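Contents: one structure, followed by commentary.
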Amino acid sequence: MGCDRNCGLITGAVIGAILAVFGGILMPVGDTLIQKTIKKEVVLEEGTTAFKNWVKTGTEIYRQFWIFDVQNPEEVMMNSSNIQVKQRGPYTYRVRFLAKENITQDPKDNTVSFLQPNGAIFEPSLSVGTEADNFTVLNLAVAYNNTADGVYKVFNGKDSISKVAIIDTYKGKRNLSYWESYCDMINGTDAASFPPFIEKSQVLQFFSSDICRSIYAVFESDVNLKGIPVYRFVLPSKAFASPVQNPDNHCFCTEKIISKNCTSSGVLDISKCKEGKPVYISLPHFLYASPDVSETTDGLNPNEEEHRTYLDIEPITGFTLQFAKRLQINLLVKPSNKIQVLKRLKRNYIVPILWLNETGTIGDEKAKMFRSQVTGKINLLGLIEMILLSVGVVMFVAFMISYCACRSKPIK
């Protein structure tokens with residue numbers, strides 16, 4: 001009887017140990033299976049999940065414009081007064097609904113090239129007015145139609161998944177010819193996706209043709225997006241700082257007067273990128289800009305919640321599932337004896353013209369599919385691993401304690 005009981009306890013302990021070991025083994029094996037599946041599905045080639053969503057995004061993307069309406073033009077022209085502005089908007093367009101064109105795979109260097117056609121459909125229900133409103137700057141949005149961005153050539157990830165979606169060339173070049181030194185490099189992806197297995201410690205680099213440069217984002221927080229755990233990466237203020245505050249930005253300072261000897265923060269002269277037109281870009285309402293930038297303009301109210309740029313990235317696949325790209329277009333206006341309305345000006349102005357908010361969020365159906373095919377399976381596997389390990393350890397410990405207790409009792 002004692003033998004039967006002891007044998008039963010030993011058997012229970014052995015079963016517990018086997019379950020614990022199996023659970024422990026399943027962890028690296030499961031992780032390997034997940035990595036193998038992800039590496040296969042994020043490659044940019046016909047038949048993969050990534051390729052299908054890459055060719056034509058299923059996410060509805062909107063670009064909203066806010067126009068800065070100058071309230072006192074006469075005072076400014078006559079007395080060089082501060083510009084009083086009032087923002088009007090949003091005027092909303094649906095964009096990026098057209099599929100990529102001229103998609104060409106190059107097996108020699110494992111890249112895929114494409115052209116991204118632009119299109120804009122006005123959305124009256126999401127706007128405060130109509131396209132007939134008297135704002136000539138709205139032509140910027142209309143002119144978006146029948147244009148294209150590219151040609152882009154990106155790595156498809158077949159030879160190395162760590163390079164998938166990273167831009168090899170843009171318009172046939174690896175540099176932009178706008179900036180000096182490393183500032184002129186085309187770095188990272190286009191921000192629609194990144195190589196998989198994102199770490200919070202990473203600095204994510206991406207290129208934006210809208211701002212004529214490469215830029216980067218850093219991890220800020222964990223976010224739950226429709227039941228999908230994502231990492232929120234944001235553009236830090238350091239990316240817009242003056243070379244005095246961030247020496248890495250020295251090659252983005254191209255002149256000394258407007259930038260006050262490269263001490264001003266928060267604006268970027270992109271005139272070389274705009275055929276010599278005096279265009280400066282910034283974040284909306286001069287967010288993160290130094291006080292001297294906005295000292296000639298009244299009516300601005302910068303705040304991070306409305307005006308910063310962020311990316312919500314699913315870390316296992318590297319897919320951007322939600323984003324908000326915020327950007328402000330400004331014009332440099334200077335005194336000029338050749339232009340009548342500028343003759344009386346006594347100082348330079350960086351005049352805010354408009355700011356845009358381009359946003360996209362994974363739809364409910366796609367989120368459901370993503371949960372079932374990616375995060376759901378990973379969570380289920382993790383749950384099984386933990387149950388096997390926990391139950392196994394508990395069984396092993398409990399049966400071994402019982403066995404020892406029985407062994408210590410004197411036989412009657």
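Here the Cβ of each residue, glycine as well, is placed from N, Cα and C on the backbone.
Just so you know, TrEMBL annotations never went through curation; they're auto-generated.
Summarising the annotation, TrEMBL assigns transmembrane segment to 7-29 (among others).
Summarising the annotation, TrEMBL assigns disulfide bond to C183-C251 (among others). Remark: C251 (disulfide bond) has W179, E180, S181, Y182, C183, D184 as non-local neighbours, by Cβ distance under 8 Å and separation of at least 6 in sequence.
Within the same chain, residues at least 6 positions away in sequence whose Cβ sits under 8 Å from that of C273 (disulfide bond) are L176, Y178, C212, V279. Taken from TrEMBL, the feature disulfide bond covers C212-C273 (among others).
Other C-beta atoms found within 10 angstroms of the C-beta of C253 (disulfide bond) number 21, with every protein chain shown included. Per TrEMBL, the feature disulfide bond maps to C253-C262 (among others).
The transmembrane segment annotation in TrEMBL covers 380-406 (among others).
The site 'Critical for TLR4-TLR6 dimerization and signaling' annotation in TrEMBL covers Y403.
According to TrEMBL, the ubiquitin cross-link annotation covers K409.
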Chain-internal residues near C262 (disulfide bond), provided their CB is under 8 angstroms and they sit 6+ positions away = S242, P243, V244, H250, C253, K256
State the count of C-beta atoms found within 10 angstroms of the C-beta of C183 (disulfide bond), not counting that atom itself.
-> 18
Around the Cβ of C212 (disulfide bond), how many other Cβ atoms lie within 10 Å? Please give the count over every shown protein chain.
-> 19
